[in-house]
Amino acid sequence: MVPVDLPLALPGDVAAATAHGSTAGGVLRCAYHAAGVCGSCTWLGRPYDEQLARLDADCREVLAAALGTRAHGIEWSPPVASPPAAFRAKAKMVVGGTVAAPTLGILDRTGNGTDLRACALLTPGLQAAMPVLADLVTQARLTPYDVPARRGELKHLIVVEAPDGGLMVRAVLRSTEGLPRLRARLGWLRERLPRLVVLSANLQPVHAAVLEGPEEVVLSEEATLPVAVGDVTLHLRPQGFVQTNLAVAGTLYRQARAWAERALPAAAGGRVWDLYCGAGGFALHLAGGRRHVVGVEVAAESVAAAERSRDELGAPADGPGGVRFVAADATRWAQEQPAAAAPDLVVVNPPRRGLGPDLAGRLEAADGARYVLYSSCDVTSLARDLAAMPSWRPVAAQVLDMFPQTRHAEVLVLLSR
Ligand SMILES: C[S@@+](CC[C@H](N)C(=O)[O-])C[C@H]1O[C@@H](n2cnc3c(N)ncnc32)[C@H](O)[C@@H]1O
C-alpha cells in the first residue's frame, strides 16, 4: 500500500550500529532486509562510495540520452554524499497488527503489518520515538486499520524530526472515532517525548492506497514545527512538504544560491520565481540584495509557513530584497503573468512527475527569462521536461544523494538561454 521508502549510508570506513542496521566499510547491513521482510533499499549491501559513483553516472547518462549534444557543455560538480544511515528525518509508518501489539512499518503482500520501527535509515530521534508511538496506539486504544478486512481506525503514523530534536507526530485516522482518546493522551505523550511540538490527526476515510486525507485536526497548541535547513528556519505545517534528508537539503539550497549568484548577482537585482516553493527553502535562500523573489505553491498552509519565515528574516514582501509568496497552481500562475513581468531566473522544484508539457512549454516560450534552476527528484521526468525546452542550454549540474541505498537522487541543473 504506502511504500515506506528507506535509505542509509556513510562513505569510507565509518561503522555505525543501530538496532537493526549497521554500516562498516561503507556497506549497510540491515536485519529486516536479511530476514526478507523489507526490500525497500534496493542498493543495500553495495559500498556507499560505489552507490554515489553509480548515481552520478546514471544521471549523466539519462540526461545525455535525452539532450544529445546539448548535454556536452554541462559542467558537472562532484556528487554530494549523505550519511549512509540515520539520515531520514521523515517517517511514514503504516500501522498494522492489533491494539495490544501494533506494527509500525509496511504491509506485507497479504496486507498485514510488518514492523520496521528500528529501521536504520531513520534519525536516532525517530528511532527512539517509535516504541513510544507504539505504546500510544495501545494507550489510546486506536485499532490499527486492517486492510484485507477494511476494518479499524489508525492507518499511518507520520513523524518528522527537526535537526534540533523537535518532533511532529501525525496520526492518520479513518474517522473521528478515536480522536477524543488521542487528544486525551497528549500530556502522556509529552512526558515520554519531551521534544514533541506538534500532535495532529489527519482524517482519511476512503479505503484506498492514499497516505493522508484533506482534513487535519491539530491537537497540540503549536501547529508548526520549526525546521532549520541550510541557512533558514522553515515552519513545517502538518500537511506541508519537507525534504526527507535535511543535511543534503541544506547543501542543495546553498548550491542553488551559489549558482544563482553566479548567474544573477543579488546586488544587481532582478526578478526570481520559485515555482513549487513549499515552505520557501529555495526562495528564502535566494532572497536578499536587490533581487525580488516570488514563491508559488499550491498548498496554502505552506505559503503561510513561508511567509512566517520571511517575516522572521525581516525581509519585505515587495520591492528590492523582497519575497512574496502566492498560493496558486504553478502552471496556471506562470501562464497568467504578463510578458512585461518576465523573470530573469526561474527556480523549479516540482513533485516526482515533473513540470509537464504546459509549464515546460511556458518556460520555453518565456523570452525574457535568462536562467532556470531545476531541482528534480526524478531524473527521468527532468530529462523529459528539458527535452521539451530545446532553447535552454544546461550549463551546470550536480547530483545530491538525498535517498542513499536506492537508485533515486536529487539533481540540480542550471540552464541558460
Ligand atoms: C518537491 S516539493 C518541493 C518543495 C520546496 N521547493 C522544498 O524545497 O521543500 C514540491 C512542492 O510542490 C507543491 N505542488 C504540487 N503541485 C503543485 C502545483 N500544481 N502548483 C504549485 N505547487 C505544487 C507541493 O505541495 C510541494 O510543496
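Every residue gets a Cβ built from N, Cα and C, even glycine.
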Need a hand: TrEMBL gives GLN243, TYR276, GLU297 for S-adenosyl-L-methionine, which of ASN112, ASN349 is also on that list? ASN349
Determine, to the nearest whole angstrom, how far the Cα atom of TYR276 (S-adenosyl-L-methionine binding site) is from the Cα atom of CYS377 (active site, nucleophile). 13
Sequence gap of 6 or more, Cβ distance under 8 Å: name the residues on the same chain that satisfy this around CYS377 (active site, nucleophile), in order along the sequence. PRO351, ARG352, MET402, HIS408, ALA409, GLU410
Distance in Å spanning the most remote Cα pair of GLN243, TYR276, GLU297, ASN349, given for S-adenosyl-L-methionine: 15
List, in sequence order, the residues of the same chain other than GLN243, TYR276, GLU297, ASN349 whose Cβ lies within 8 Å of the centroid of the Cβ atoms of the recorded S-adenosyl-L-methionine site. PHE241, ASP274, CYS277, GLY278, GLY281, PHE282, PRO350, SER375
